[in-house]
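Asker: So that we are looking at the same thing, I have put the structure below in structure tokens.
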Amino acid sequence: MEEVSSYEKALDVLSSFITLRSPADKGSKCSRFEFVFDYIKILDLEEPISKMKIIHVAGTKGKGSTCTFVESILRNCGFRTGLFTSPHLIDVRERFRIDGVDICEEKFSEHFWWCYDILKENTNEDLPMPFLFCFFTLLALKIFTAEQVDVVILEVGIGGRLDSTNLVQAPIVCGICSLGYDHVEILGHTLRQIAGEKAGIFKHGVPAFTVSQPDEAMSVLQEKASQLGVHLEVAPPLDANLLNGLKLGLEGEHQYQNAGLAVALCYTWLHRTGHLEITNLEQTSSLPESFIKGLRTANLQGRAQIVPDQHIDIGSPGDLVFYLDGAHTSESMEICARWFSIAIKEDSQPQDNFRASHELVQMPPDERSRKNSIQILLFNCMSVRDPQLLLLRVIKTCASHGVHFKKALFVPNMTAFFKFGSHALPPTDSQVDLSWQFTLQREWESLMQGNKVGGDAKSPDGICEEVKDDSELSTKSCENSMVFSSLPLAIKWLRDSVKQNQSIRFQVLVTGSLHLMGDMLKFVKK
């Protein structure tokens, strides 16, 4: 029998941290924010954290991209970087990056067991083990301490005020990305409430930057900043001309806003840590080469990512291309749909950030011009989301660019993402509950019929039928959509469709859930 590695054992133990109680449940002892300071003392991390030169970033949309830009810029400036982000898409080690690379299994295991053993020995009923994200935060800070990084970039998980990352008392600079409605059951149902939670990362006298915000949100940020003596500035979107004709490593027009915020955060970090020799902070007509390289080479999986299917056995490559974006709010869904609509019309040349990985296989221009293209939506979202709002935003935004979906495919998440390690296996198709996917399908059919959901729309069930594939596994096919019991079945259907229609290119937008992005990447890149 094969021996289980220390790393696999660590992943199995991580599964035991997971609880159905929300971190925002004020009545849960495991979720009370003040406990985090007890954990820091137990792990003897107080002094190391006080010496860290931290950039702390919150927001509803764009914080992962902003943190990625910041890390890439400062790494290209010559600094040793530590980046903590969430969630991971494929491997938990993605959350802990040293110099732009996921921490290795050996080091992860070493630091994991050090933290786990000490906490397990020193916690009890009154001070229980930390919940999962809190443990990840503590582990990240332990890793960055051991690796002696020059700069730590911390992405807030949810909110800010009561987020585990807010244990940091003296960051060098703070950033607030674009604000919108997400996690409203935790953060509040108004922009004022949400902005107040995000502004909770502000610290007395520590400069902060944000992007252009709705008036309701901006007024709260300004109020909180004023109360704490925080100099709050609005960072303008990055001027594309400053890149000397090059493109950002992350696709989408909205990334210029995130890049502008990242540049402001990096300039301020350099200034406040005494590294004025790297750049002239007053110069606005150009960017240092290290900044340009950092912005150009930044990479983030599952966000505006183009992945052609390399596993299809047909004569001409490029006939099945997946456009992946983990958008899951109405605002980000609109941005995603706009990116997709533009990207499918600009695919004659590979984008700069895909050249290095050689992911985008091009077909000859004459052959490409003879191909007709159809657009497919592959979608899933969490049941706490409003599917009508998300799907309607996709339909309308794409339609405004002349893009109309031939079919929508709905699938459950492939992995049991509440588990880690070797036991995190997907359920069999017979065990999958597809009730939510059928709900998504009904919403889509109603929207495609032009009827308001919940009104007098004719039920789409009447035009749906059960379909059996070669494996005798059921799908539910309607006029404009299909439900599959697993992601592999949906991809098999796409590949079979391409083989049967070799005069057509299939352009598939995959969106609605970051967990779905992870599932897709596991499946199409293995």
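Note: Cβ is positioned from N, Cα and C throughout, glycine not excepted.
The Mg(2+) binding site feature in TrEMBL is assigned to SER86, GLU155, HIS183. Taken from TrEMBL, the feature ATP binding site applies to ARG303, ASP325. TrEMBL lists 57-224 with the feature domain 'Mur ligase central'.
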Asker: Name, in the order they occur in the sequence, the residues of the same chain whose CB lies under 8 A from the CB of ASP325 (ATP binding site) and which sit 6 or more residues away.
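Answerer: Spatial neighbours, sequence-distant, of ASP325 (ATP binding site): GLY302, ARG303, ALA304, GLN305, CYS336, TRP339, PHE340, LEU509, VAL510, THR511, MET517.
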Asker: Across the domain 'Mur ligase central' (57-224), what is the average pLDDT of the model, as a whole number?
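Answerer: That stretch averages a pLDDT of 94.
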Asker: Including all protein chains displayed, how many Cβ atoms other than that of ARG303 (ATP binding site) lie within 10 Å of its Cβ?
Answerer: 24
Asker: Count, for each of the binding-site residues SER86, GLU155, the other C-beta atoms lying within 10 angstroms of its own C-beta, and report the residue with the smallest count.
Answerer: SER86
